[in-house]
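Read the structure below first, then the notes.
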Amino acid sequence: SDSCEYLLSSGRFLGEKVWQPHSCMMHKYKISEAKNCLVDKHIAFIGDSRIRQLFYSFVKIINPQFKEEGNKHENIPFEDKIASVKVDFLWHPEVNGSMKQCIKVWTEDSVAKPHVIVAGAATWSIKIHNGSNEALSQYKMNITSIAPLLEKLAKTSDVYWVLQDPVYEDLLSENRKMITNEKIDAYNEAAVSILNSSTRNSKSNVKMFSVSKLIAQETIMESLDGLHLPESSRETSAMILMNVYCNKILKPVDGSCCQPQPPLTLIQKLAACFFTLSIIGYLIFYVIHRNAHRKNKPCTDLESGEEKKNIINNPASPLEILLQSFCKLGLIMAYFYMCDRANLFMKENKFYTHSSFFIPIIYILVLGVFYNENTKETKVLNREQTDEWKGWMQLVILIYHISGASTFLPVYMHIRVLVAAYLFQTGYGHFSYFWIKGDFGIHRVCQVLFRLNFLVVVLCIVMDRPYQFYYFVPLVTVWFMVIYVTLALWPQIIQKRANGNCFWHFGLLLKLGFLLLCICFLAYSQGAFEKIFSLWPLSKCFELKGNVYEWWFRWRLDRYVVFHGMLFAFIYLALQKRQVLSEGKGEPLFSNKISNFLLFISVVSFLTYSIWASSCKNKAECNELHPSVSVVQILAFILIRNIPGYARSVYSSFFAWFGKISLELFICQYHIWLAADTRGILVLIPGNPMLNIIVSTFIFVCVAHEISQITNDLAQIIIPKDNSSLLKRLACIAAFFCGLPILSSIQDKSRH
């Protein structure tokens, strides 16, 4: 339903000064955004001292230096000539003939009407007439005469009637003691009943600004005089007004209140048709297959009670798997769209507290330790261990995102190490594969690229987002190609060749050294980096908001860690080949003295990094040092985890299960666990945060697991091992990606 109505009428405080509207997310407007929205606009505030407070707070969003000074009981103008924004406060403390005349002037065709009108008054009427019933009757008569005028203005302008906030009666001065909350409620009730019934339509065009009452109920105790709200409450009300008017104009990603549902693009419509046809095709295939199965069903011999022929279960055909996969994927993508594009489910802002981050971390740590099993092999970074590593890192990152912990710098820095550790594993894993297997064939490359990018490409189409928006996948994809090119280019140096002649080890080190030089050059030459990735068609993949700066920043943040992963893999495999390491079950990796020494150094290094990360002063300073020092904690963790033989022999099956779907979890969280492209939280069950997080998490994990299965099934069909078939498929994929830019340009023209 209408999120604007909820924004104006309901919500709750998440913490001090953090207001959460019911059902939607509120954007915090900056000066430039406010001016951009209100250019050539005229806003009028009309009413008493409380409306004057709201006027000041609203103006301070546009100009924070604007001072609250001058005669309080007169009109106050404000104008920003550069932005061409005009905001006026008109002093009319009572709903009477004077206010009516002011409003009536605006209804005349010859007069320029304000684009936004914010009005409200009552406390002066209560004060002047000592809270008499006659004054309330007169108020009802006056607001009844003004209501048709406001309704007429509301057809062309945004009109808000501000209901009266409660007072803190104990703090009121003697000449205001008659202003009681009981009287205020009576005046509010009169205003609501008259303004809402002033039109024959089912709904009045005059919007009730009643949310300030809820804000005041929580904060009026902080008032200096019991009547006027503290500054933080006024700022919240002013920001709500800004959201109501500007969200539909600027469409901020993290401001879902009052935003209309985005129209379907041409590409989205074509995707919907494709998935619909897939679902229909699979249903037809299923019905035909079922009927054929019934015809072939063996009949039982009534005399002997035996079946005449045996059933042979034929494996599913590639066409059936293909249709079934796209059928399931279509239903899942419909859920994605409903969660984060259609205005069907509620969204809420994140709010960080230490307990919201650390309590879930402790909980999953206990679960992970509880589910432990023996590993199949006891080598360093064996498959179960790397899956476990990915799993617990992914769960920590998910908790970090949903709790909004990026505002707490020590947590942010440790999460940056976890992202770096993923890239370290990319370098380690792919280098190890190419070094040992020597498989540089096109099938291997296509398989990896498909598994990495399939879900993201589908989401780019369905959710109308650029490829770079899902920044981690482009990052891993580019680094995979860098590893492949480094090792595949002449001379191809693999372990089998290097074992025959130590000279080849030196040649590989030269290759890695050249790679490091290239990384350093691109890291410190932003211009060269941007020129490379601004070339078409790379620009289509790596631009975000019209430039590649975001891509350069993300790449530069972890620029060395993949190289460190490759170098670690090379050293480890060389030591392993020369039988320097003891990787038997229960055996320490080195001799006892060396193992104890390395463990001590690792623990000290691990703690030293954590202390440094916790003492950082700002993100910019930390991010500058992070690429060079993150490897310290990664290597320390690997040694602590692998030097003791008993630690190498066990793993957490709980974490390993999540590790197998870590990529899908990372991508899916954008739209079906978080909301508004990770800026907020998806609310499937309003009013019960704990139950909501349980239900949404269960669906989210199930969907991620199902997408992982779909990706694996489709990879077997779309990327066959036969080279001639593969080349045909690649030609079709190339044609598809050539068609997307054409459709995108047609789409952009239709938008303009």
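Quick reminder: no glycine exception, Cβ is built from N, Cα and C everywhere.
These features come from TrEMBL:
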DOMAIN    19-74  domain 'NXPE C-terminal'
DOMAIN    251-730  domain 'Cas1p 10 TM acyl transferase'
TRANSMEM  266-288  transmembrane segment
TRANSMEM  321-339  transmembrane segment
TRANSMEM  351-371  transmembrane segment
TRANSMEM  392-413  transmembrane segment
TRANSMEM  448-464  transmembrane segment
TRANSMEM  470-490  transmembrane segment
TRANSMEM  502-524  transmembrane segment
TRANSMEM  557-575  transmembrane segment
TRANSMEM  596-613  transmembrane segment
TRANSMEM  655-675  transmembrane segment
TRANSMEM  681-705  transmembrane segment
TRANSMEM  726-746  transmembrane segment
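If one looks beyond the transmembrane segment (266-288) by at least 6 residues along the same chain, the residues whose Cβ comes under 8 Å of a Cβ in the stretch are 319-320, 323-324, 326-327, 329-331, 333-334, 461-462, 464, 740, 743-744, 746-747, 750. Highest Cβ contact count with the transmembrane segment (655-675) among the listed stretches 321-339, 392-413, 502-524, 596-613 falls to 392-413 (criterion: pairs under 8 Å). The stretch from 392-413, 470-490, 681-705 with the most CB pairs below 8 A to the transmembrane segment (321-339) is 681-705. Residues belonging to the domain 'NXPE C-terminal' (19-74) score a mean pLDDT of 92 in the model.
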